[in-house]
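Undergrad: Pasting the relevant annotations from TrEMBL:
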- His569: active site, proton acceptor (ACT_SITE)
- Lys171, Gly235, Asp431: FAD binding site (BINDING)
- Gly299, Ala300, Gly301, Tyr302, Ile303, Gly304, Leu305, Glu306, Gly391: NAD(+) binding site (BINDING)
- 72-83: compositional bias 'Gly residues' (COMPBIAS)
- 115-447: domain 'FAD/NAD(P)-binding' (DOMAIN)
- 467-579: domain 'Pyridine nucleotide-disulphide oxidoreductase dimerisation' (DOMAIN)
- 56-93: region 'Disordered' (REGION)
Amino acid sequence: MNLCNSRFSVTFGRQCSTILTSPSAGILQNRCSLTTKVPNWISSSLSCVQQTFQRTMNSTGQRGSRDSTGAPGAGASGGSGGGAPPPFQHPHCDRNAMYAQPVRKMSTKGGSYDYDLIVIGGGSAGLACAKEAVLNGARVACLDYVKPTPTLGTKWGVGGTCVNVGCIPKKLMHQASLLGEAVHEAAAYGWNVDDKIKPDWNKLVQSVQNHIKSVNWVTRVDLRDKKVEYINGLGSFVDSHTLLAKIKSGERTITAQTFVIAVGGRPRYPDIPGAVEYGITSDDLFSLEREPGKTLVVGAGYIGLECAGFLKGLGYEPTVMVRSIVLRGFDQQMAELVAASMEERGIPFLRKSVPLSVEKQDDGKLLVKYKNVETGEEAEDVFDTVLWAIGRKGLVDDLNLPNAGVTVQKDKIPVDSQEATNVANIYAVGDIIYGKPELTPVAVLAGRLLARRLYGGATQRMDYKDVATTVFTPLEYACVGLSEEDAVKEYGADEIEVFHGYYKPTEFFIPQKSVRYCYLKAVAERHGDQRVYGLHYIGPVAGEVIQGFAAALKSGLTINTLINTVGIHPTTAEEFTRLAITKRSGLDPTPASCCS
């Protein structure tokens, strides 16, 4: 009997796995061969397992062992000579940023300071960092304060932008608009639908705000249970170890060995007459006490397009004003397809235009004057609401960072691969750091990893490369990895192959929804293994589709692996596995059939 070829070998191999992988050379013999009562067939089979294991570990493709944090362990040296590990060839993980640089000395706990750690900011990054630090034995305080918006005085509770005025209310209102669309489609599927169905803005806002307040409450309770002291105050530095907190009862001076700045950002306002007095931002929209009506959305980034999209779905009249390009920083072919799909739904775009002024008329409506930046032609129109979505500004002004010696770059804080500022005991995470993705999951993971390095003895650093994201427009757009433009810039047009195709979601057939802009593509290496550099998808439930592919891309996905993966039918996600036509071929990427 040959155990290596039997089903039992798998079980036996698992039971001896800790023995086989031990760094001690003699353990295998001592543990698995210590008795003469072991039958010969087991001994010979164990010898086979050991030989296979040794061949695997000595192969050129071996992987070094890692500790619980993912850092290379002591046994990670290559070959039998104990030399340096083989070069790291993974195309989508920035190992140099994660492991290769020296780790700063960990922060000490205890001492003469009030706290081991003070986190400034109660958003996703700050809360994740504070809670993780407490779990690793640190004494932690978290400062959080929200300045009212200048136009409507909107404020909110703990949790930061995502919970209160960002991801969560945005997704809920996006869902509300999709449900309205689905109700009308239901008639085509045989449902008897009342034509009088319409949305109730005030009821929707109340439902959204009720959910947000429940999250605020749960967050406060969680901080209390985890022994994080929550301070509702505005913090500013006195020096690198001292903070002045302005709280409701006055002022309080507190000290800490280490600080983490996680204050995030707030929307910008244009420097034109009437902008602050009469315009609102996404900070106000989700709690707006009146219907938005005819709305001018100034800005064509993801926030502007998402807001315009759900406003249209709820029955209002948004117009998008675009100064230069749509979805700056995203793949521009996909961005223009998103814009075209919105225009098809009846959302007008004012291209190459900038606002000049906002005036409030006697009837309460807003007169907006604007100019075409190419022709110089001026025009005006009247709106019920003007929504600024022209970018966000880091909240560094109130921190008095010069007192602590912290460097600022364009209202953000530059950090190294460990989220460390230029001051030894001060770190920054989340949207406040310069040049990194401003996304909630990024902030959460970076905050946790920082706390583990500071107080848990970990070494793993945040990998900011190839982060998946989704734009929740009516027809959603999700992507991970490089855009086509960035891939060409990095590798050259002759070294890039783009596999692409249009597709027809099954659920679109009966209500005869437009499939004109349902499109996806894979940006890949032209030669060799054809590594996938980027994946892009426009269609329903885009975020759900791209998440799994993001893990595949981070793991070194190739075109060969992708097209030889059996898809789940009928789904839109399977369309990635059906990609066979390249742009270079010039063939028509429109499908002829869904099932063959």
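Glycine too: its Cβ is placed from the backbone N, Cα and C atoms.
A TrEMBL annotation is a machine prediction, not a hand-curated record.
Quick one: where do these features end up spatially?
TA: Long-range C-beta contacts of His569 (active site, proton acceptor), restricted to its own chain and to partners at least six residues apart, with a cutoff below 8 Å, comprise Cys595.
Note on Lys171 (FAD binding site): other Cβ atoms within 10 Å of its Cβ, all shown chains, come to 16.
Residues near Gly299 (NAD(+) binding site) in space but far in sequence (CB under 8 A, at least 6 apart, same chain), listed by position: Val320, Met321, Val322, Arg323, Trp388, Ala389, Ile390, Gly391.
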Undergrad: Most Cβ neighbours within 10 Å: which of the binding-site residues Gly301, Gly391 is it?
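TA: When each Cβ's neighbours within 10 Å are tallied, Gly301 leads.
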Undergrad: Including all protein chains shown, what's the count of other C-beta atoms within 10 A of the C-beta of Gly235 (FAD binding site)?
TA: 26
Undergrad: Just how many other Cβ atoms lie inside 10 Å of the Cβ on Asp431 (FAD binding site)?
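TA: Step by step: centre on the Cβ of Asp431 (FAD binding site), count other Cβ atoms within 10 Å, giving 29.
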Undergrad: List nothing but the largest Cα to Cα distance in Å, as a whole number, among the residues Lys171, Gly235, Asp431 that the record says bind FAD.
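TA: Farthest-apart Cα atoms in Lys171, Gly235, Asp431 are separated by 31 Å.
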Undergrad: Give me the count of other Cβ atoms within 10 A of the Cβ belonging to Ile303 (NAD(+) binding site).
TA: 23
